[in-house]
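Novice: The feature domain 'Amidohydrolase-related' is assigned by TrEMBL to 61-403. Under the heading Fe(3+) binding site, TrEMBL lists 70, 72, 240, 315. Marked as Zn(2+) binding site by TrEMBL: 70, 72, 240, 315. The 4-imidazolone-5-propanoate binding site annotation in TrEMBL covers 79, 142, 175, 243, 320. The N-formimidoyl-L-glutamate binding site annotation in TrEMBL covers 142, 317, 319.
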Ligand code: NIG
Ligand code: FE
């Protein structure tokens, strides 16, 4: 068993879970001893420590590795032509209704081989690590047939074994109604419930079941059926909710006891209250609002005032948010949702870990937690969202080992 010591750390920032949401613990003059993938001890810098390997952090800043609790990384084609159409005045919904959007991605995904998509996903994973993200939630949802949804989840599972980014899989067969079911949506819902969910669960290919509950996609009643069915097979519910219109998605998330409801730009006061009562986590995706060129960001302050636990993620996908860079999302969250750096730290580490049921292992730099950190070239926490649009990451450490190092 090898012991690794991270020394010469400038400062560590991690959520102060006893202090409450947004409170940050700052540690200085410490070194971190890692043993068997975990933080064994955090000791004063002055202490003599025996170790097999010593890593100099050069006086830089350590944060818990970022946790991105909502991503769609398994896709084939990019969709820059739709981006240009949006600049020219078409809306995301108009493009989708005309057969673009998710259905555009689905057609191309189905024609591509598993190996082709896997190679592209592998590159995207590397970019996450480069930006300091050490764990993501990864959704299927561009296959929308049994075979292609399995292909998507198999890619996640196989890449989990071969590389360093940890991915927690979510089945999102209810991302859209595919072309061939447009005039018989009930048959697609039956396919989801009678075939896809049982097959996914039997092979343990997903931990969560998600639905795009939205006007023009899946109704509240349809979403409820799909999520209840997933629950019967042990899949924990999640929802894309109240993104484009107030639609009752937040209320449904409380009713089905989802772990999270995501997006929530158009959430009602009732939805906020019901989510708070049922401890459903709000996963906010302000990069999507930004990239869709909209003004109405999710009401983060109101949610926090009402006691909701808020996480923030990229929503990385080829249509509505194309960045893997959570540091950029820090800046958008600060400016557009008026969240403070301490709150955003929570939202992208420990609350994000809660949104994927991993809070006992990741999301905090504390003794006994998995040794996932990001070493950033920032003098303090406020500087991270302030100097925006660049990558501050110098090293990314997963399970105690360096998995990305910036070129000198
Ligand atoms: O979270 N809302 C649904 N899914 C994605 C968009 C996917 C796409 O456009 O390809 C989202 O924004
Ligand atoms: Fe999404």
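The count begins at 1 with the first shown residue.
Cβ atoms are placed via backbone N, Cα and C, with glycine included.
I'm curious about the neighbourhood of these features; can you describe it?
Specialist: Listed in sequence order, 70, 71, 72, 262, 263, 285, 287, 288, 321 are the same-chain residues six or more apart from residue 315 (Fe(3+) binding site) with CB atoms under 8 A from its CB. Under the DSSP three-state reduction, residue 315 (Fe(3+) binding site) is assigned to coil, being neither helix nor strand.
Taking all protein chains in view, 30 other C-beta atoms sit within 10 angstroms of the C-beta of residue 70 (Fe(3+) binding site). Secondary structure from DSSP puts residue 70 (Fe(3+) binding site) in a beta strand.
According to its DSSP assignment, residue 320 (4-imidazolone-5-propanoate binding site) is coil. Every protein chain considered, the tally of other Cβ atoms within 10 Å of the Cβ of residue 320 (4-imidazolone-5-propanoate binding site) stands at 25.
Taking a C-beta cut-off of under 8 angstroms and a sequence separation of 6 or more, residue 142 (4-imidazolone-5-propanoate binding site) has the following same-chain neighbours: 72, 74, 75, 76, 102, 105, 106, 109, 148, 152, 175.
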Novice: If I take the alpha carbons of residue 317 (N-formimidoyl-L-glutamate binding site) and residue 79 (4-imidazolone-5-propanoate binding site), what is the distance between them in whole Å?
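Specialist: Checking the Cα atoms of residue 317 (N-formimidoyl-L-glutamate binding site) and residue 79 (4-imidazolone-5-propanoate binding site) gives a distance of 10 Å.
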Novice: Write out the long-range same-chain contacts of residue 79 (4-imidazolone-5-propanoate binding site), meaning residues 6 or more apart in sequence whose Cβ is under 8 Å from its Cβ.
Specialist: 100, 101, 104, 105, 318, 319
Novice: Which binding-site residues from the set 79, 142, 175, 243, 320 have a C-beta atom lying less than 6 Å away from ligand 2?
Specialist: none
Novice: What's the number of neighbouring CB atoms sitting within 10 A of the CB on residue 72 (Fe(3+) binding site)?
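Specialist: Excluding its own Cβ, residue 72 (Fe(3+) binding site) sees 26 Cβ atoms within 10 Å.
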Novice: Which binding-site residues from the set 79, 240, 315, 319, 320 have a C-beta atom lying less than 6 Å away from ligand 1?
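Specialist: Listed by sequence, the hits are 240, 315, 319, 320.
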Novice: Tell me, by DSSP, whether residue 175 (4-imidazolone-5-propanoate binding site) is helix, strand or coil?
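Specialist: DSSP call for residue 175 (4-imidazolone-5-propanoate binding site): coil, neither helix nor strand.
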Novice: Note the Cβ centroid of 70, 72, 240, 315, the recorded Fe(3+) site, then list each other residue of that chain whose Cβ lies within 8 Å of it, in sequence.
Specialist: 71, 139, 262, 263, 285, 288, 313, 316, 317, 321
